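Novice: Annotations per TrEMBL:
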{"type": "DOMAIN", "residues": "9-107", "note": "domain 'Potassium channel tetramerisation-type BTB'"}
{"type": "DOMAIN", "residues": "171-404", "note": "domain 'Ion transport'"}
{"type": "TRANSMEM", "residues": "168-188", "note": "transmembrane segment"}
{"type": "TRANSMEM", "residues": "208-228", "note": "transmembrane segment"}
{"type": "TRANSMEM", "residues": "240-262", "note": "transmembrane segment"}
{"type": "TRANSMEM", "residues": "282-302", "note": "transmembrane segment"}
{"type": "TRANSMEM", "residues": "309-330", "note": "transmembrane segment"}
{"type": "TRANSMEM", "residues": "342-362", "note": "transmembrane segment"}
{"type": "TRANSMEM", "residues": "374-398", "note": "transmembrane segment"}
């Protein structure tokens, strides 16, 4: 520092601290030590909020009580949270002064980790994208002429189709889409009934019309959402949009195959393919995830807990390999004369292991020897323990995802209410 007096005064939120200039040079807080290298008032104002040259006073508009605890760390080397202060707010103060979470005491580090884990969902990538979208909206508002009106119209259309709670029109559109999904599922389920062929012969035209209208609605919705999307490549890569495509495509493929094959009895394979394609319409149920919080929570939980799901699968596979080999040996391999034919092979015993570990127990196969029954008891108890281990992590992730989506939904509802009042 090539200006000012030999005594530096730090004014943090109204609380003043006086230090010699030499102490500022090696101060443990990086932001304070940066003052020593400032050669002009302009550089000083890049570090602090205000500067009084006459008194050589540096003003920082920060939390004064938090800085008291930070100064205690400078003196004693121990950093703890301020009582009755949000952990994240104090962590923000730490970052400002140049400290990290590793400087905290271990107990406070755990509190910070738990707090950040609980509030992680409120600062996720989707929220960052939302902030970027708001900035894009501001850019749109700054445009002039026809381009501005066209961009605002496209943005409104995009939100209407992508965010069911963004406006009244979006809610109506979502309700209509749900009705069409339910109609399609009812027709699909009814088509498997024994009396469906008779009913279809009597009202075949009505059934075809209903199916065509549903497919037409889904197709139009998908095309419009693709047109108004900001990033076409990102739109194609989204899982829900891929599911929409898988749900719509089989209808058009089946129509083309029906036109090409007609009623030719020699093309029975084509008929089997048509039935498989039509059954793929069950994917339409996943479209409901756009409109229901529960399905969104389930999908987000599975996405974030894939490691726990893989761990659960590994547990089950390892236990299944061990118990199936032992069951085959005890029930079939030791006594060939009185062997249990249900356990003739390890793959056959795997079925018994999986239904025993999950405590389903169909009763179609069971051990008859005493060692086999003991093994069955151990298998059931082991299954309960192994399946319960990752469930805790999945449960906590589900709760976090639910609160996140509920928070976003409430935020959209507040904006919708404000739009309705305006």
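Glycine is no exception: its Cβ is also placed from the backbone N, Cα and C atoms.
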Novice: Please report, as numbers and ranges, the same-chain residues at least 6 past the borders of the transmembrane segment (282-302) whose CB is under 8 Å from any CB of it.
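Specialist: Distant contacts of the transmembrane segment (282-302): 164, 174, 177-178, 181, 184-185, 188, 218, 239-240, 243-244, 246-247, 309, 394, 397-398, 401-402, 404-406, 409.
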Novice: Counting Cβ pairs closer than 8 Å, which of 168-188, 208-228, 240-262, 342-362, 374-398 has the most of them with the transmembrane segment (309-330)?
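Specialist: The stretch with the most contacts is 342-362.
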Novice: Three or more CB pairs closer than 8 Å, sequence separation of 6 or more: does that hold for the transmembrane segment (342-362) against the transmembrane segment (374-398)?
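Specialist: Checked: the transmembrane segment (342-362) vs the transmembrane segment (374-398), in contact.
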Novice: Looking only at residues six or more beyond either end of the transmembrane segment (374-398), which have a C-beta under 8 A from one in the stretch?
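Specialist: Counting only partners 6 or more residues beyond its ends, the transmembrane segment (374-398) has Cβ contacts under 8 Å with 297-298, 301, 304-305, 308-309, 311-312, 315-316, 319, 323, 326-327, 330, 353, 356-359, 366-367.
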